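A.B. asks: I grabbed these lines from TrEMBL:
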ACT_SITE  Asp178  active site, proton acceptor
BINDING   Glu33, His34, Thr35, Asp36, Tyr230  substrate binding site
BINDING   Ser134, Glu166  Mg(2+) binding site
DOMAIN    8-57  domain 'Galactokinase N-terminal'
DOMAIN    99-184  domain 'GHMP kinase N-terminal'
DOMAIN    291-371  domain 'GHMP kinase C-terminal'
SITE      Arg27  site 'Transition state stabilizer'
Amino acid sequence: MDTARVAAEFQELYGAAPDGVWAAPGRVNLIGEHTDYNDGFALPLALPHRAVAAVSRRTDGVVRVHSADIPQGVYQLGVDDLVPHSENPAADNGGWAAYPVGVVWALRAAGHPVTGADIHLRSTVPTGAGLSSSAALEVVTAVALNDLYQLGLSPTELAVVAQRAENDFAGVPCGVMDQTASACCVEGHALHLDARDMAQRQVPFDLAAHGLQLLVVDTRVKHELGDGAYAERRTGCETAAAALGVPALRDVRYEELPAALERLAAAGQSETIRNYTRHVVTEDHRVEQVIALLDADDVRAVGPLLNEGHASLRDDFEVSCAELDLVVETATAAGALGARMTGGGFGGSAIVLVEVDAADAVAKSVTEAFAAAGYTAPRVFPAIASRGAHRVA
Ligand code: GAF
């Protein structure tokens, strides 16, 4: 995206040049789904698609937000008037504007002296595609305010602020993976995140060097985290952890899983709760297996683990949908090394690991299968491991 254009739009809108311009990317997650809010592991990579924000500070307590992507005027409010969803679920927090404005609220709630801002946004991260478009809006706002107010927060601290904006201000009960990916990813790497203590390791992820490609298939089925099904999964996992007497499902070791499932059954926990437990524990294990393979440079062997992860999300965690399943079935039948849904599920996107030479044929098979099923044509593009949030001007 032409970032100079975003600065010019800011000037047109607010009548003066911005203090600066920042960018923050969307992400795909290679493996480790619905594990972050179980204190577990994830392995996301940042996409080249990103939110760009031109921002100026203000000293009069006013926040103005505008997006080039949304047919709405400037959203304006006072920093003292911000009411989080957690205090008043009926509060109108401005729809999409709740993400950038929520960051102002979260920074102030943490004691940072943010006295207002003018913000103009433009994003290339597809919305509702499970590619973290909202996290990109939050993180780009957080890095901009961190610089403009010289708050000195690290990328990891900014990710946590952004998650708080989404949880408390916007009322979306997400984990911390998306914000951390957007804030902390490094070009050419996947990010091994331990969501319990936010420990991170950058894992080299150069698929081109192996003759491979990771395709993103956006099913165009809009996914929403706020509609209850995501929160139900979180609550179910908490119920399982409490019944097992552990702080989080991350504390159930893979070798202990059969015994844990028996204990849950003996305690009268439902099959659904036991299935959620099996997904989380096996998924954390898959993250460790994938990392071991990447460290050993055995990238092709990751494929079957992606397929296993998808089956677990579909059958045990029940967050897939017919369109995502069709991507995985068609892509693997057409010769992909592996495929799975990525992100929260209930629509959104899948990832497909392919030999570079087979990428076009696999993409064509998926597109044809969608047409034959009467589905909207999917959007297919390669995931290039890109850099996390940064200042661009
Ligand atoms: C969504 C959430 F925002 C993340 O925190 C994570 O839980 C993901 O779903 C599932 O892994 O993207």
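Just so you know, glycine gets a Cβ as well, placed from its N, Cα and C.
In TrEMBL, annotation is done automatically, which means it is predicted and not curated.
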A.B. asks: Work through the recorded positions one by one (Arg27, Glu33, His34, Thr35) and name whichever has its CA nearest to the CA of Asp178 (active site, proton acceptor).
C.D. replies: Arg27
A.B. asks: Write out, in the order they occur in the sequence, the residues of the chain not among Glu33, His34, Thr35, Asp36, Tyr230 that have a C-beta within 8 Å of the mean position of the C-beta atoms of the recorded substrate site.
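C.D. replies: For the substrate site the neighbour list reads Gly32, Tyr37, Asn38, Ala42, Gly175, Met177, Arg233, Val280, Glu283, Gly344.
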A.B. asks: Would you mind splitting the domain 'Galactokinase N-terminal' (8-57) into helix, strand and coil residue counts from DSSP?
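C.D. replies: Computed counts for the domain 'Galactokinase N-terminal' (8-57) are 10 helix, 26 strand, 14 coil.
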A.B. asks: Please report how many Å separate the Cα atom of Ser134 (Mg(2+) binding site) from that of Arg27 (site 'Transition state stabilizer'), as a whole number.
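C.D. replies: About 11 Å separates the two Cα atoms.
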A.B. asks: For ligand 1, list the recorded positions among Arg27, Glu33, His34, Asp36, Asp178, Tyr230 whose CB atom is within a distance below 6 Å of it, in sequence order.
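C.D. replies: Result: Glu33, His34, Asp36, Asp178.
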A.B. asks: Mean pLDDT across the domain 'GHMP kinase N-terminal' (99-184), rounded to an integer, is what?
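C.D. replies: Taking every residue of the domain 'GHMP kinase N-terminal' (99-184) together, the mean pLDDT is 97.
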A.B. asks: Would you count the other C-beta atoms found within 10 angstroms of the C-beta of Asp36 (substrate binding site) for me?
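C.D. replies: Within a 10 Å radius of the Cβ of Asp36 (substrate binding site) lie 25 other Cβ atoms.
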A.B. asks: Based on Cβ atoms within 10 Å, give me the single least packed residue among the recorded positions Arg27, His34.
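C.D. replies: Looking at the recorded positions Arg27, His34, the Cβ with the fewest others within 10 Å is that of His34.
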A.B. asks: Looking only at the domain 'GHMP kinase N-terminal' (99-184), what are its DSSP counts of helix, strand and coil residues?
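C.D. replies: Counting residues by DSSP class gives 50 helix, 7 strand, 29 coil.
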A.B. asks: Can you break down the domain 'GHMP kinase C-terminal' (291-371) into helix, strand and coil residue counts using DSSP?
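C.D. replies: Its residues fall into 51 helix, 12 strand, 18 coil.
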